[in-house]
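Novice: Let me begin by handing over the structure; questions about it come next.
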Amino acid sequence: MSARKYFGTDGIRGRVGQGVISADFVLRLGNALGRVLTQIRGKRPLVLIGKDTRISGYMFEAALEAGLVAAGADVQLIGPMPTPAIAFLTSTLRADAGVVISASHNPHYDNGIKFFSAEGEKLDDATEAAIEAALDAPFHTVESERLGKAIRTRDAIGRYIEFCKASVARGFTLKWLKMVLDCAHGATYHIAPMLFRELGAEVVVIGAAPDGLNINAGVGSTHIDNLAAKVREYGAHLGIAFDGDGDRVLMADDQGNPVDGDDLLYVLARSWQASGRLTGTVVGTLMTNYGLEQALAALNIPFQRAKVGDRYVHQALVEGGGTLGGETSGHLLCLDRATTGDGIVSALQVLEALGRDGHSLRKALSSLSKVPQKTVNVRLDGGAAKAIVEAANVQQALQQAQAAVQGRGRAFLRPSGTEPVVRVTVEADDARLMQDTLDRLSGAVRDAA
């Protein structure tokens, strides 16, 4: 496949008002999407549009709507909703595509566009390529009698809450649970508190007063220390934090210890194995902690690593017939319950596992020993990151680093595809070994730069 002009691994994202993150580009993007869907479907397409709570979402929602309607597509405006909710609604409302206006865990001054297929999955490469090609064609407005219509959908919240509840057993209850819930002033702010309270939990809510500018600002999954402090303050059993668009989830245990995506993956894998639910291989990424790999091996649970990005985790799960995977950042995939990473659904799966296994998140993690891991970003003065990584002296240093931690950890290099940076990561069961190996390897990269 040729290099993408606009799309990254998870749609389009950037600073509002700069480059493609502008109203005029998004207007053309909506028009291109409408034309491509009409050609593929051979009929008037229906497109759902959702967004998170950042203020620029209003501008981009209007631009997308206008571009789609001009191309002859009908539009249903969902309003602020978690990204995975749009994936679900696109499928259940029989739409031809879903669009989410969000920059996920980024600050309010960023925004982005991501797409879902009619099946509620990430848009395939061929369709994205067709949209990019259509963007280079002139804006097209169909005849008046063929213009699309736009309506607001009023029952989306109720539909999504029932979908989330259906992901756990019918008798599932959270009456045992006192929790702190951090909604990142984002797309889960009006849904997650209602859902967990309906299931019986005592809920202390933070980060649920969006003003368009405070999304992810000192709250949410990128600021887990805030959640941890509140868990200790209120004496809660645990805390749950989502990111701005609700596709990530991290937690804190009853002592306020941060619980990342690797930890949650372990809780689910062990519980699902015991209940017979686990199928295929558990999938992590290059960044998944070596300690998790070792812990799963001790349980005879097969594990494989994909490239960083939930798109690649999803691809590996589908190819290998698995249903459970995720990233350290909190993107968890439970493909027997949802088509994409869903923070609320993933949190419910963890709570269901805890309900079976003694209610304590801290105890559920007592048999997982993660190893020290650190990443250093080496900025390059000149030359492409990929070329630096492939240089003979850097490859020699990498082989030496890998030999130093063999059987005790890992060492690897990741050239950035978007900036002149090489990411150097080392992990080992001994902190001094990890740091010494990291210093030598990152030094070799700096010397080559």
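Backbone N, Cα and C define each Cβ position, glycine as well.
Okay, so Swiss-Prot annotates it like this:
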| type | residues | note |
| --- | --- | --- |
| MOD_RES | Ser104 | phosphoserine |
| BINDING | Ser104, Asp243, Asp245, Asp247 | Mg(2+) binding site |
| ACT_SITE | Ser104 | active site, phosphoserine intermediate |
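Structural setting of the listed features?
Specialist: The Cβ of Ser104 (phosphoserine) has 29 other Cβ atoms within 10 Å, all protein chains considered.
Asp243 (Mg(2+) binding site) carries neither a helix nor a strand DSSP state and counts as coil. Other Cβ atoms within 10 Å of the Cβ of Asp243 (Mg(2+) binding site), summed over all protein chains shown, number 32.
Classification of Ser104 (phosphoserine) by DSSP places it in coil, neither helical nor stranded.
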Novice: How many whole Å apart are the CA atoms of Asp243 (Mg(2+) binding site) and Ser104 (phosphoserine)?
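Specialist: One finds 7 Å between the Cα atoms of these residues.
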Novice: Rounded to a whole number, how many Å is the Cα of Asp245 (Mg(2+) binding site) away from the Cα of Ser104 (phosphoserine)?
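Specialist: Rounded to a whole number, the Cα-Cα distance is 5 Å.
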Novice: Could you state the whole-number distance in Å separating the C-alpha atoms of Asp247 (Mg(2+) binding site) and Ser104 (phosphoserine)?
Specialist: 8
